[in-house]
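For reference, Swiss-Prot has these:
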type: BINDING; residues: Ser10, Lys42, Thr75, Arg89; note: substrate binding site
type: BINDING; residues: Ser10, His18, Gly90, Ile91, Arg92, Glu100, Tyr125, Ala126, His127, Val128, Ser129, Ser130, Ser131; note: ATP binding site
type: SITE; residues: His18; note: site 'Transition state stabilizer'
Amino acid sequence: MRKIALFPGSFDPMTNGHLNLIERSAKLFDEVIIGVFINTSKQTLFTPEEKKYLIEEATKEMPNVRVIMQETQLTVESAKSLGANFLIRGIRNVKDYEYEKDIAKMNQHLAPEIETVFLLAEEPYAHVSSSLLKEVLRFGGDVSDYLPPNIYHALKQKKNDWS
């Protein structure tokens, strides 16, 4: 059986922490599907199409990684429809673990054939979130160390558009 993993998220924007998880997942699984979830109730910086394109560019050297846009639904339902038998979740700290553990237990109840795999965030990304980076950038801080170059440039352009 092929090992297919879904890594779902809003990725607004995708960070080097996300990219690190994707690189590590690509070594563990036959295929990694990055699911850019479309949440119409959430205000995002990038459109789903922009996020998909930016992530594809950042992961283009990984042949077993593909990026899709996915309407918001139960993650396990997305995994089933894509043929994924694993879900990837990144854990930065104890708070993330407690939150993700409960979701993983519910997902296991809903779809016992799908296994959740937790990957611990590596330094220097363990403290980084997309929200934090957007906030730092908004006030003029340098976030270039935490973003893939193409995403950093796109984010800077968005910031210029805000001004």
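Each residue, glycine too, has its Cβ placed from N, Cα and C.
For the pair formed by Ser131 (ATP binding site) and Ser10 (substrate binding site), distance between Cα atoms is given as 11 Å, rounded to the nearest Å. Nearest neighbour of Ser129 (ATP binding site) by Cα distance, taken over the recorded positions Ser10, His18, Thr75: His18. A coil conformation is recorded for Ser10 (substrate binding site) in the three-state DSSP classification, outside any helix or strand. All chains included, 12 other C-beta atoms sit within 10 angstroms of the C-beta of His127 (ATP binding site).
Counted over all residue pairs in Ser10, Lys42, Thr75, Arg89, the record's binders of substrate, the longest Cα to Cα distance measures 20 angstrom.
The shortest Cα-Cα distance from His127 (ATP binding site) to any of the recorded positions (Ser10, His18, Lys42, Thr75, Arg89) is found for His18. Counting other Cβ atoms within 10 Å of each Cβ, the recorded positions His18, Lys42, Arg89, Arg92 show the lowest value at Lys42.
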